[in-house]
Amino acid sequence: MPSASCDTLLDDIEDIVSQGDLKPQDRHSARKHVVPKARKRNTQKYLQEENSPPSDSTIPGIQKIWMRTWGCSHNNSDGEYMAGQLAAYGYEITENASEADLWLLNSCTVKNPAEDHFRNSIKKAQEENKKIVLAGCVPQAQPRQDYFKGLSIIGVQQIDRVVEVVEETIKGHSVRLLGQKKANGKRLGGARLDLPKIRKNPLIEIISVNTGCLNACTYCKTKHARGNLASYPIDELVERAKQSFQEGVCEIWLTSEDTGAYGRDIGTNLPALLWKLVEVIPEGAMLRLGMTNPPYILEHLEEMAKILNHPRVYAFLHIPVQSASDTVLMEMKREYCVADFKRVVDFLKEKVPGITLATDIICGFPGETDQDFQETVKLVEDYKFPSLFINQFYPRPGTPAAKMVQVPAQVIGERQQVLVTEESFDSKFYVAHNRFYEQVLVPKNPTFMGKMIEVDIYESGKHFMKGQPVSDAKVYTPSISKPLAKGEVSGLTEGFRNRPRSHLSSARHPSAAVRRDSASSRLVLHLQKLHQDCALRVSVGLALFALLLAFLVKVYN
């Protein structure tokens with residue numbers, strides 16, 4: 001192996017440094033002669049970028065939220081509390097659904113149509129790639145429904161944690177808070193009453209005095225969501241009312257699933273609460289009572305009449321009867337009879353002059369007969385309620401009434417002639433109209449289109465009826481000939497159809513001679529117009545000259 005061609009032996013690698021190289025200490029001392037160069041930047045752009053996170057930012061508290069609430073005043077109060085907390089945290093509550101980053105959908109489970117609207121809103125939000133948080137009674141009562149998969153849910157007693165749920169949803173997580181509020185092992189009325197709130201109407205404060213109820217009505221789905229009765233203490237409710245008046249509120253609504261049952265779980269009652277509230281209502285402000293079922297007001301009739309006569313309490317009460325048939329009321333498990341309802345109404349009408357009494361009626365409850373229905377009609381005729389809410393019975397999933405034999409929603413014995421002309425939007429039916437132009441949906445039988453048919457009406461909805469064609473009925477064909485196909489041109493006579501194609505072609509492409517004649521005609525018309533314009537200008541000029549000449553003659557004479 002050849003030896004290294006080095007003149008000197010290196011004891012250490014550091015010996016490679018030559019005599020002329022800078023020593024480490026020399027390099028360090030030379031740093032004080034370095035002048036840093038200032039880096040210029042666009043201050044305006046920097047501040048803008050610093051204050052505005054990138055468009056794909058997931059920083060919570062800066063997004064826009066659109067909120068939709070269905071249902072009762074209790075649900076509306078919950079919605080106001082959730083909106084207030086989100087706004088206080090920094091989120092922007094917008095009324096424009098399309099510009100929102102997240103949709104907060106606060107549902108109602110009382111009737112099928114309300115849940116249908118809720119489901120459709122979820123579908124629309126998903127189609128528009130919105131973040132979604134579900135609230136209210138529907139997901140609380142049935143959180144495992146298929147159309148809730150992958151979505152965040154906040155329970156009716158967890159509305160004080162809405163900011164947490166929205167935060168996690170914005171980050172792309174799915175959160176579910178469905179627990180109950182408890183203290184010392186006892187269920188509470190819900191979230192605190194002193195939370196931030198955005199009132200839908202700044203003049204009206206909605207206070208939920210309790211949640212849940214003591215009943216077990218066989219048709220009610222709300223019980224599955226709100227549970228058993230849990231009341232707020234009187235002092236907390238009074239403090240909330242006082243705070244509301246300090247914020248400019250002039251009207252308070254008391255609400256719950258059953259206001260009349262208030263306090264039975266905490267050793268008090270509704271009159272005791274109301275007397276404390278009227279003490280703090282300022283002059284010029286008013287209190288409105290919420291719905292109460294007959295059983296829980298019967299024992300307080302005297303006190304309730306006194307309170308409803310108070311000058312700062314509206315003489316108004318909502319007492320649902322639902323049916324005037326004791327048989328139906330028993331099937332509903334309403335825990336009162338028609339005589340109890342009449343006793344309440346008669347007493348209040350006597351003791352509170354001019355009182356407005358509102359009531360509810362459910363039509364078509366399972367097992368209801370024509371006689372049952374007529375008893376309800378008679379009750380309405382006898383009392384002439386100024387406010388009457390009539391609802392079709394809807395079998396809500398999971399309720400005992402949903403398993404009962406249903407009463408068909410039908411117009412009994414009604415047979416109508418209808419003309420079929422369209423297809424329904426969902427493509428499930430053909431659309432026909434009867435003599436009164438009421439919409440009737442019929443089966444999609446192609447032979448019905450354009451025909452007059454006889455149907456038996458078997459179901460009615462809000463804006464339509466459904467008809468079953470009569471099997472032996474005659475189908476009438478109004479047209480004397482076969483209708484044109486969709487998109488086919490009308491008004492084509494046989495003569496027009498049989499015209500030679502060459503003639504049509506020449507009409508579309510005129511000959512050169514025809515085009516020359518047309519051009520000559522346009523030229524003559526143009527020259528005539530020029531001649532007329534010149535003559536008019538000469539006439540105007542002569543007239544002006546004559547006036548000028550007359551003026552000069554007058555001046556010099």
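Indices start at 1 and increase along the chain as displayed.
Every residue gets a Cβ built from N, Cα and C, even glycine.
Automatic prediction, not curation, is the source of TrEMBL annotations.
Among the ranges 19-40, 41-62, 481-502, the stretch that TrEMBL annotates as region 'Disordered' is 19-40. Across the domain 'MTTase N-terminal' (63-171), DSSP helix (H, G, I), strand (E, B) and coil residues number 56 helix, 24 strand, 29 coil. Along the domain 'Radical SAM core' (199-429), the predicted structure has mean pLDDT 94. Counted with DSSP, the domain 'TRAM' (409-471) comes out as 3 helix, 31 strand, 29 coil.
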